[in-house]
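Have a look at the structure below, then the notes.
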Amino acid sequence: MSVQRLGYLGIEVSDVDAWRTYATMRLGAMEAPAPEGTARFRLDSRAWRFMVTPGPADDLSVAGYEVDSEGALMQVKTRLEAYGVKVTSESSELAAERGVLGLISCVDPAGTRLEIYYGGTEMFEVPFASPTGVKEFRTDDQGMGHYVLAVPDVDAALDFYVQGLGFHLSDVIDWQVSPEVSVRLHFLHCNGRHHTLAVVGMPSDKKMHHLMIETTNLDDVGLAYDRCVEDDAVILTLGRHTNDHMVSFYGATPSGFAVEFGWGSRVVEPGWSVVRYDAISIWGHKIMRGE
């Protein structure tokens, strides 16, 4: 049994109010009730999909992965322990704070806290309503989106996520960042989303390279792009990726890493073959400011 989808992300930020404005008025997320001093945001019928908590890191603090049942959660726990990972069965108080029925946690080889849970809270009685008019984000069985981690040991990270958590390799990109620098990105899936996680070995003062949210309407990408252009917050222009075929742009967050806002990613189907690429984009994704 593997994890089945990305359920939520937690980010430690130095300016919660700046994130509140960015998430709602630039990304189009809906603010949700949250513990005092923090902020949470919705993308769909779930109670929340990402949260920001105060602190100096301006970086990823936790990634929450979902499974479908208590039995599935126990199978993942057994798998991780057999792999040699210390797993903590979290308290009912933390589960209630997260809005889930059951919760375990562990730490990946790069030091990222992972929470694995079942029984997330649905809020159909309070329909999702984007403050910027985003029609719909693509979530459901594909989870909330994806994120990319900069890690010190790629082999250790890949082994953990594939052997420990049950991810599968989608493909690899050898990215020539500059004439002097080339990095290899590994893209991993745990459901039909082309990648829920990617890992890259590169010098970085942050774990989080970027996170991605996907809409079901191309116009929502263009409208978000216009909003970010107004703030001079575009890092990479509109473009289309070689591997997942997503049309997207990258914008700067108040914490310094990027958010990819996209549409149109292809789906991993049975019989998927792993391939490699020499470029990250078919067209576009030109640098507008330092990444």
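Even glycines carry a Cβ here, placed using N, Cα and C.
Summarising the annotation, Swiss-Prot assigns Fe cation binding site to His146, His210, Glu260. Around the Cβ of Glu260 (Fe cation binding site), a 10 Å sphere holds 23 further Cβ atoms from the protein chains shown.
Positions annotated as domain 'VOC 1' by Swiss-Prot, on the basis of sequence analysis: 5-119.
Residues annotated as domain 'VOC 2' in Swiss-Prot: 143-264.
Neighbour counts of Cβ atoms within 10 Å were taken for the binding-site residues His146, His210; the minimum is at His210.
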